[in-house]
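J.: I'd like to ask you about the structure that follows.
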Amino acid sequence: MASNGGVTWRRTEEVHVLAVDDSLVDRKVIERLLRISSCKVTAVDSGLRALQFLGLDEEKSSNGLNVSLSSSSSFSRISVSLPSDSHLRLLFQDLKVDLIITDYCMPEMTGYELLKKVKESSAFREIPVVIMSSENVLARIDRCLEEGAEDFIVKPVKLSDVKRIKDYMTGEGEKERSSKGINKRKQRDSFDDLSSSPPSILSSPSPISSSSSSSPSPPSVQSASAPSSPSPLDSPTRRVKMASSK
Amino acid sequence: MDIVNQLQRQFIDHSTSLHREGIVDDQFTELQKLQDENSPDFVVEVVSLFFEDSEKLLNNMARALEQAQGVDFKQVDASVHQLKGSSSSIGAMRVKNACIAFRSFCEAQNREGCLRCLQKVTHEYSLLKNKLQSLFRLEQQILAAGGSIPVAK
């Protein structure tokens, strides 16, 4: 990473994921899944901490800036409380989050509530949010998707889930999607599941800060033509990419 | 190389029986896939976290169910829910299934039923712990003898 006048530039291939889960075991697993998929990970144990990391929490420290550093293997984990000044944000460009993956059932703040807060924020609403849950409840899934969740994964999370998520984050032209067999998705076409990987549902995505096309044309299967090289999927699945309505 | 072969065979047998008896499921295999030279002790680390976490939760359940002045079934259920989640994440299938049954007794606020379930979950947990510790021991023995750990297909 080159440093230039206090601004640190992130390598474009490196994806930074903020993982939120109150279970220590699950955090350990999701961290490993993400790291083995070449993602940078910051794992926190609550929605509140996630908001704090993003600088979205209401209670900011009085001196404005509060940084503690801890290194873990080749990744640095930085806890920071930032005021909303954008120039200060630039200094911490390295912390820029590309994806939030959160558990649904958490005490104090659920994943759904965290999702809402992120989507309500002008600064962070573009960040794709993926919800994980051990409960496969259609109403819950729908509610999350309607609120703007990118995807919904039923736990336990597998490597193929993470690979799939990473693929649509790195912005291929044609996204792929697999249906969980829960095919009651409002206003969307659905495809039958073609893959053996655990399916999940792709929602209407908010514009992702990558070069993804959001064409409302009928979905068709195309080979992925990504500007950045996508990681190979275990099995091809099809996805519907909807124009953003947010 | 005889001793290594012997140990590897024992490892495979042990691993196979773990799956066959439903003590672990595919998710455990998924975790093993995540172990590599960058993270050579990943499975042992996660499982150790799971053991610590589980024992705390089992204690919580026991204490909550002991309360003479009235059992807080919500509290019991919360602990069972957590254990169900973490056991699912590491592929501890029988523990997970025992938790599922447990939750319905919590919902029914049935203390006797809950106590029976706690016994069952504790039993399954102990079984899992013993078997996994044997598996890890075999791994260590194989490595110490200069061999490599057979990879699950």
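Just so it is clear, glycine is given a Cβ too, placed from its N, Cα and C backbone atoms.
Unlike curated records, TrEMBL annotations are generated automatically.
Pulled the feature table from TrEMBL, pasting it below:
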- B:39-142: domain 'HPt' (DOMAIN)
- B:His81: phosphohistidine (MOD_RES)
J.: Near B:His81 (phosphohistidine), which residues of its chain come within a Cβ-Cβ distance under 8 Å, counting only those 6 or more away in sequence?
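T.: Non-local contacts for B:His81 (phosphohistidine): B:Cys99, B:Arg103.
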J.: For the domain 'HPt' (B:39-142), give the DSSP counts of helix residues, strand residues and coil residues.
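T.: Taking each residue of the domain 'HPt' (B:39-142) in turn, the totals are 90 helix, 1 strand, 13 coil.
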